[in-house]
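Peer 1: Have a look at the structure that comes next, please.
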Amino acid sequence: MAAAAAAAAATEQQGSNGPVKKSMREKAVERRNVNKEHNSNFKAGYIPIDEDRLHKTGLRGRKGNLAICVIVLLFILAVINLLITLVIWAVIRIGPNGCDSMEFHESGLLRFKQVSDMGVIHPLYKSTVGGRRNENLVITGNNQPIVFQQGTTKLSVEKNKTSITSDIGMQFFDPRTHNILFSTDYETHEFHLPSGVKSLNVQKASTERITSNATSDLNIKVDGRAIVRGNEGVFIMGKTIEFHMGGDVELKAENSIILNGTVMVSPTRLPSSSSGDQSGSGDWVRYKLCMCADGTLFKVQVTGHNMGCQVSDNPCGNTH
């Protein structure tokens with residue numbers, strides 16, 4: 001402190017009376033003070049070089065684990081991208097010259113240039129699937145049916161059958177002439193079998209009239225039981241009408257049954273009772289079939305042997 005005061009006094013004296021010469025002792029004291037101050041300033045900015053005192057740099061702890069997860073995720077995405085690229089290159093065959101398997105046109109047409117293996121095809125609204133001109137469009141199912149479906153309408157092509165399911169009907173027409181070949185719109189078009197179709201197999205048919213060509217017969221065949229029912233009657237007309245069945249024939253009508261023409265019944269096919277049976281024995285009720293002169297058929301219950309058709313309540317009137 002004394003040295004500092006002396007230096008300050010000397011400075012003031014030098015500033016007021018001009019430069020003052022210092023002694024050797026004063027110069028040594030001043031030099032020592034300067035070195036001491038310099039050393040103290042150097043130590044103030046000194047940092048010990050110890051591992052524990054250094055600032056830790058880099059990703060450590062949770063940040064390091066998160067960085068590893070991000071790197072692994074990027075690696076997985078790169079592998080998936082590589083697999084997708086290989087599939088696109090192998091299936092679509094995209095190369096330096098373009099795509100070898102398909103073509104994209106400005107009109108929106110997608111053309112396949114080779115055999116394509118697909119599962120389900122969903123065309124867009126009002127789209128068309130077709131083949132090239134003068135070439136067939138071949139659609140093949142590998143041990144599976146080929147199904148064309150739009151809403152509730154479905155066309156299924158299987159190995160042994162082809163089925164069409166529709167709630168509103170169907171029609172077939174020539175794509176070139178647009179002539180209707182077959183239609184189920186009975187109110188507008190009469191039902192005709194297409195050319196080459198000889199038989200129609202249905203479980204149930206509701207129609208006003210069933211006819212055949214003038215040069216062919218109309219045959220109705222069933223494996224089990226056939227029921228022909230009309231809301232206002234059933235009329236069967238033909239040159240010759242034959243019924244062949246292995247079981248019973250049942251004719252029911254609310255008013256009457258009219259057989260107009262020659263009616264032939266083969267007695268060899270009719271069941272007959274044994275000659276030894278009594279007329280009144282057992283639970284059987286027997287009837288005799290009788291005919292009037294005008295062709296009216298009626299039945300008479302058999303109550304005794306050698307009984308004829310002459311009964312009082314027969315519908316023939318005076319003529320039997």
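Each position is counted from 1, following the chain as shown.
Just so it is clear, glycine is given a Cβ too, placed from its N, Cα and C backbone atoms.
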Peer 1: Region 'Disordered' per Swiss-Prot sits at which of 1-34, 69-102?
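Peer 2: Among 1-34, 69-102, the range Swiss-Prot annotates as region 'Disordered' is 1-34.
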Peer 1: Just to be sure I understand the packing, how many Cβ atoms besides its own are within 10 Å of the Cβ of ASN213 (N-linked glycosylation site)?
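Peer 2: So the Cβ neighbour count for ASN213 (N-linked glycosylation site) comes to 8.
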Peer 1: Could you check the glycosylation sites ASN160, ASN260 and say which one's CB has the fewest neighbouring CB atoms inside 10 Å?
Peer 2: ASN160
